[in-house]
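Heads up: the structure comes next, in structure tokens.
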Amino acid sequence: MKKAVILFSLFCFLCAIPVVQAADTIFVRETRIPILIERQDNVLFYLRLDAKESQTLNDVVLNLGEGVNLSEIQSIKLYYGGTEALQDSGKKRFAPVGYISSNTPGKTLAANPSYSIKKSEVTNPGNQVVLKGDQKLFPGINYFWISLQMKPGTSLTSKVTADIASITLDGKKALLDVVSENGIEHRMGVGVRHAGDDNSAAFRIPGLVTTNKGTLLGVYDVRYNSSVDLQEHVDVGLSRSTDGGKTWEKMRLPLAFGEFGGLPAGQNGVGDPSILVDTKTNNVWVVAAWTHGMGNQRAWWSSHPGMDMNHTAQLVLAKSTDDGKTWSAPINITEQVKDPSWYFLLQGPGRGITMSDGTLVFPTQFIDSTRVPNAGIMYSKDGGKNWKMHNYARTNTTEAQVAEVEPGVLMLNMRDNRGGSRAVAITKDLGKTWTEHESSRKALPESVCMASLISVKAKDNVLGKDLLIFSNPNTTKGRYNTTIKISLDGGVTWSPEHQLLLDEGNNWGYSCLSMIDKETIGILYESSVAHMTFQAVKLKDIIK
């Protein structure tokens, strides 16, 4: 009895001792951006510390989730990012600069040593990682960040989950305030095109298809001098993958005009590509706008009525009969489809489709005689030899994507200059007449940006349901929060439960979707971490 009383008294004494805790709070923000497999540093966590009393950050303890494939992780690092400028106080930033550039040629794969000091690195980690810091703190805001590097060969569908278990300041556990959501899954990606690749300043405007052989073909603008639109030195580039997007072959140029007609390359730009696979023949078509001359001014304003290449943009095709390996000389179809009164005719960038009856369809857009843009479609009934256009679907719309939602029924999903949400229209006669879809201008938020839409039939996916799959920046202002959404009712509703945020960061916003196999959707898009980023997502990660 006496022993029990002594033990109880000791327990009460220990409980009365205050927990030793650091005076300063550390704010933690976990990222939701692609983890590029080829990148040496991917930002996993940002740490913001207002050092009012603390002198030293001793260490950070990180826990990796139980389902993480540890054998795929090369290393985890702790970096110190310095201090905050006084004029930035109150902005609650988590970094003074971009530690890893997405736009500076040659500097997109690793942390810029000018902006960070590496304090610790743990290779081949276990489930718990201790990152030693021993970093002297300066009065005011101090920044730290945690980097993740994956091994080559990491699966594109792998995911990493992690949380900060503890951070020690001056030998005491710090109070952590996590400002990001719980349960974030970090998804893998591949930077198909980085700034500076092949001596090009920028890569923009993705299109993506899967051939009958399972080959992925990604097209895009190769913008050599800057990221600006035509007219400029721009070619249409293509990257080809035969392993589901893990690796990509050397870039090809399906369309490039060089110094055609005695004008410099900067006045022979061709771009904003759209690509389709003729599923009946496996022929592949790329369509793009070619601008000849125009004095390096923006083609949107410099293309004029008429048909002559010196005054109006030309609509050109390239064809591949060998699964995207080689490409034909340019085929000019301007005379077939352009009204001479229009200022500018071009495709809807991204992709086209083959209908169930074999008709080839590309989305289009044109600036009419009153200088108002309008979205529509063009189609071919003879395998791409001849093309026709009828009427626009909705006025004051531009970049669109088309999907066959029922046999012979096409849905056109359009960028609308009015802003706020996507415009959607239906045609049953290849664009001769259009009706507004019930979801138009209310179901899909947009900030006036290109988007992607594909239809996947029940027999072609693991869910066994007819799917409409959509991607865009899920916001009405700015371009960020790139998201994949799935509709199970033909696009009438897009449930939040069937959406997956891929990239919260600011980016150019364009994307294109294509099925990799029955279980997996692929997306090529302009992300916050690389100009052309590819990710693979299991359908069951979206429809659970």
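In case you wondered, yes, glycine gets a Cβ from its N, Cα and C as well.
Feature annotation from Swiss-Prot assigns active site to GLU399. For GLU399 (active site), the Cβ neighbour count at a 10 Å cut-off comes to 24, with all displayed protein chains included. In the three-state DSSP classification, GLU399 (active site) falls within a strand.
Here Swiss-Prot flags 378-389 as repeat 'BNR 3'. Sorting the repeat 'BNR 3' (378-389) by DSSP state (H, G, I as helix; E, B as strand; all else coil) yields 0 helix, 5 strand, 7 coil.
Look at Swiss-Prot and you will find 425-436 tagged as repeat 'BNR 4'. Under 8 Å from some Cβ of the repeat 'BNR 4' (425-436) lie the Cβ atoms of residues 359, 361, 376-377, 379, 388-394, 405, 408-412, 414, all in the same chain and six or more residues away from its ends.
Swiss-Prot lists 1-22 with the feature signal peptide, giving sequence analysis as the kind of evidence.
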Checklist outcome for this item: Taking DSSP helix as H, G and I and strand as E and B, the repeat 'BNR 4' (425-436) has 0 helix, 5 strand, 7 coil
Checklist outcome for this item: On the repeat 'BNR 4' (425-436), the mean of the pLDDT values is 99
